[in-house]
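**Q** What follows is a single structure, and I will ask about it in a moment.
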Amino acid sequence: MKRFSITIAGGGSTFTPGIILMLLEHMDKLPIDQIKLYDNDEERQAIVAGACEILLKERAPEITFEATTDPEIAFTGIDFVMAHIRVGKYAMREKDEKIPLKYGVIGQETCGPGGIAYGMRSIGGVLEIVDYMEKYSPKAWMLNYSNPAAIVAEATRLLRPNSKILNICDMPIGIEELMASILGLSSRKEMEVKYYGLNHFGWWFDIRDKQGNDLLPALRKHVSKHGYVTADKSKQHADQSWNNTFAKAKDVQVLDPMTLPNTYLKYYFYSDYEVAHADPTYTRANEVMAGREKFVFGECKKIIENQTAEGTELHIDEHASYIVDLARAIAYNTKERMLLIVENNGSLLNFDSTAMVEVPCIVGSNGPEPLVMGEIPRFQKGLMEQQVAVEKLVVEAWHEQSYQKLWQALTLSKTVPSASVAKAILDDLMEVNQEFWPKLH
Ligand SMILES: NC(=O)c1ccc[n+]([C@@H]2O[C@H](COP(=O)([O-])OP(=O)(O)OC[C@H]3O[C@@H](n4cnc5c(N)ncnc54)[C@H](O)[C@@H]3O)[C@@H](O)[C@H]2O)c1
Ligand SMILES: O=P(O)(O)OC[C@H]1O[C@H](O[C@H]2[C@H](O)[C@@H](O)[C@@H](O)O[C@@H]2CO)[C@H](O)[C@@H](O)[C@@H]1O
Ligand SMILES: [Mn+2]
């Protein structure tokens, strides 16, 4: 049986150890010959890599392991690139979140001005990795979950139309796990869903069990009272801020009680509430640096110091097993049904055929085949048209180095109240992003 060679791009990510542990757990489904870590920050990656090397030697010595900052070494002889880079790292995420809040506007990683600023940084980084992959391993596939996935996906559609890249997000997966828990099902895989939207901006409109029974009414009843908060404490997020987001889905769902919403719609429907409840001096970036980053890097350092991973608290990121499902779909033509971010091309009948939408697809060796989700209602269509225009304008702004288009993008974002506020935020963001954005004219 063929064993696969994988490069993790963004090797120094807080998610790398959890994903490697997850890959080890699923070796029966996707046998691995080699794992390489690639990052452009040697020092940061060295800590994660040092720990992963020890962990792999102890738990799967048959896997060859290497960490590098050299693209030729990283991308030669591989089958898959799993990409989770964060251009500008948490220092820039903090600025993305805090600058808009100064103007009373949502400060969030992927929604509103913060997501636009992050998109302007990510496009170049992701395209560079696609190009390395195509140069050194032209048959490989890139499984991308670097954010902001909506903007990154539009950039690859427009600027690398023939590349073998699949854009995927774990947020619907996380929410479906909560739905399964709410329904008392053992796994989200017991549900078959119909969903439409853009990344971090979508709705479930049909959810059934394998016998075809309609599960939506029971879920709607629960969400209208508790959002996606489930009684099973083991399924709840460790961070209160995430649990607040899951609870807020209760208010988001009211806008269209016939569907179930993605949680991040709260930033568009309840911007005033979210801004009022944000601390402009301590945002999610600060929470993540003090929480996930400190924990992961602390544990990695302990492993290196002790020269063993025995007793480590690093844990498997089981919900990331969707990445194995995706790799298997390509490798073994499994025809798995998965939500991916793909070119619409008629999946949503009354929507821009060139928009990158999030819809169920059948995934096989030749990539994804989007399923037809039909016509979308006027409310969602209006919201999505506005948001997809923002995303396309950002990509055009990056490509054409256009200040004007980026200003339009910010002005069009539902989270921004006026063109003058958009300009003030843009000028501040441009100032701190000089190292990362193309020069705008
Ligand atoms: N779509 C999803 O479902 C999903 C879920 C979780 C996280 N993410 C994304 O995964 C990414 C990583 O998140 P994190 O919180 O672990 O961030 P992190 O900052 O801990 O890790 C990102 C790594 O990328 C590296 N990097 C930055 N630019 C690079 C480049 N041009 N080439 C190679 N490496 C580069 C950084 O040095 C860093 O080590 C983010 O984009 C995040 O938004 C996506
Ligand atoms: O603020 P962060 O860095 O913790 O998370 C941002 C990411 O959020 C999503 O992933 C969530 C997931 O939806 C949720 O269920 C839970 O399990 O945590 C995940 C992140 O820790 C989202 O899909 C990503 O794109 C974001 O980067
Ligand atoms: Mn996501």
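Quick reminder: no glycine exception, Cβ is built from N, Cα and C everywhere.
What TrEMBL shows for this protein is this:
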- ASP170: active site, proton donor (ACT_SITE)
- TYR264: active site, proton acceptor (ACT_SITE)
- ARG93, ASN147, ARG284: substrate binding site (BINDING)
- CYS169, HIS200: Mn(2+) binding site (BINDING)
- 195-416: domain 'Glycosyl hydrolase family 4 C-terminal' (DOMAIN)
- GLU109: site 'Increases basicity of active site Tyr' (SITE)
**Q** Whole-number Å distance between the CA of ASN147 (substrate binding site) and the CA of HIS200 (Mn(2+) binding site)?
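**A** Roughly 10 Å, rounded to the nearest whole number.
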**Q** Could you give the maximum C-alpha to C-alpha distance in Å for the residues ARG93, ASN147, ARG284 that bind substrate per the record?
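**A** Largest Cα to Cα distance for the substrate-binding set is 15 Å.
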**Q** Can you name every residue in this chain, apart from ARG93, ASN147, ARG284, with its Cβ inside 8 Å of the center of the Cβ atoms of the recorded substrate site?
**A** ARG86, TYR90, ASP96, GLU97, GLN108, GLU109, THR110, GLY114, TYR118, ALA285, VAL288
**Q** Do you know the mean pLDDT across the domain 'Glycosyl hydrolase family 4 C-terminal' (195-416)?
**A** 97
**Q** Just to verify a number: CA distance, GLU109 (site 'Increases basicity of active site Tyr') to ARG93 (substrate binding site), in angstrom, no decimals.
**A** 6
**Q** By a simple count of other Cβ atoms within 10 Å, which of ARG93, HIS200, ARG284, the binding-site residues in the record, is least packed?
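**A** Least crowded of the binding-site residues ARG93, HIS200, ARG284, by Cβ count within 10 Å, is ARG284.
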**Q** In whole Å, note down how far the CA of HIS200 (Mn(2+) binding site) lies from the CA of the residue listed as 'active site, proton donor'.
**A** 10
**Q** Helix, strand or coil for the residue listed as 'active site, proton acceptor'? Use DSSP.
**A** helix
**Q** Which chain-mates of CYS169 (Mn(2+) binding site) that are at least 6 residues away have a CB under 8 A from its CB, listed by sequence?
**A** TYR145, ALA149, ASN199, HIS200, LEU339, ILE341, GLU358
**Q** Does anything in the same chain, at least 6 positions from TYR264 (active site, proton acceptor), have a Cβ under 8 Å from its Cβ, and if so what?
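**A** Sequence-distant Cβ neighbours: GLN108, THR110, CYS111, MET171, HIS200, PHE201, THR245.
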**Q** Looking at the recorded positions GLU109, ASP170, which sits with the largest number of other Cβ atoms within 10 Å of its Cβ?
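**A** Most Cβ neighbours within 10 Å: GLU109.
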**Q** Which of the recorded positions ARG93, HIS200, TYR264 have a Cβ less than 6 Å from any atom of ligand 2?
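**A** Checking each Cβ against ligand 2, none of them comes under 6 Å.
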**Q** Where the criterion is a Cβ under 6 Å from an atom of ligand 3, which of the recorded positions ARG93, GLU109, CYS169, TYR264, ARG284 meet it?
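**A** With ligand 3 as the reference and 6 Å as the Cβ limit, the list reads CYS169.
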**Q** Can you tell me which of these binding-site residues sit near ligand 1, meaning the Cβ is under 6 Å from at least one of its atoms: ARG93, ASN147, HIS200?
**A** ASN147
